[in-house]
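Student: Please see the structure below; I have some questions.
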Amino acid sequence: MLGVVELLLLGTAWLAGPARGQNETEPIVLEGKCLVVCDSNPTSDPTGTALGISVRSGSAKVAFSAIRSTNHEPSEMSNRTMIIYFDQVLVNIGNNFDSERSTFIAPRKGIYSFNFHVVKVYNRQTIQVSLMLNGWPVISAFAGDQDVTREAASNGVLIQMEKGDRAYLKLERGNLMGGWKYSTFSGFLVFPL
């Protein structure tokens, strides 16, 4: 007697026409989607007869990387919000980085990776940069050596985000006048939840 999974697979194959992988580990591509057949709970089925199904599409890819391409003085807007703005987007797969606000908006619940590198130049003040999640600081980095002409505040983290959550960089302390060039802000979806 056929189980639900076997009937689903037969029904899908019948609707899509013939689709064969060369071996059991190759995915079967049906109408642009990748159908992956795997054991959904290997510890509960020592015989290896249970099957689980996972369907993924290319739209699951999420990544961005933005930089400051020029030195400039902070704008009136950035002086009010203290958000660090990035004027050149190098990568924006999924279009979830809002370049006007320099804010990443999570398209789905998942684990995300973020890293930043904010450079201060010829500035004797200590700077503190924070990665903000919905207005709350998650991690911070400092650059405060008064004897060097260039120094960076850098950090990275994995965080769980819900759909619609916002992440951005905020200057919590100091100023970046005269040296934003070479600063970067990047992130990507590690895996959805």
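Every residue gets a Cβ built from N, Cα and C, even glycine.
As the structure is a computational prediction, the values presented were derived from the model and not from experiment.
As annotated by Swiss-Prot, signal peptide applies to 1-21. Annotation source Swiss-Prot lists N-linked glycosylation site at Asn23, Asn79. Look at Swiss-Prot and you will find 57-193 tagged as domain 'C1q'. Taken from Swiss-Prot, the feature region 'Essential for interaction with GRID2' applies to 122-147, supported by similarity to another entry.
Explain the structural surroundings of these features, please.
Tutor: Taking the domain 'C1q' (57-193) as a whole, pLDDT averages 85 in the prediction.
Residues 84, 114, 116, 153-157, 159, 161, 165-179 of the same chain sit 6 or more residues outside the region 'Essential for interaction with GRID2' (122-147) yet have a Cβ under 8 Å from a Cβ within it.
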Student: I'd like the per-state residue tally for the domain 'C1q' (57-193) from DSSP, helix first, then strand, then coil.
Tutor: 9 helix, 73 strand, 55 coil
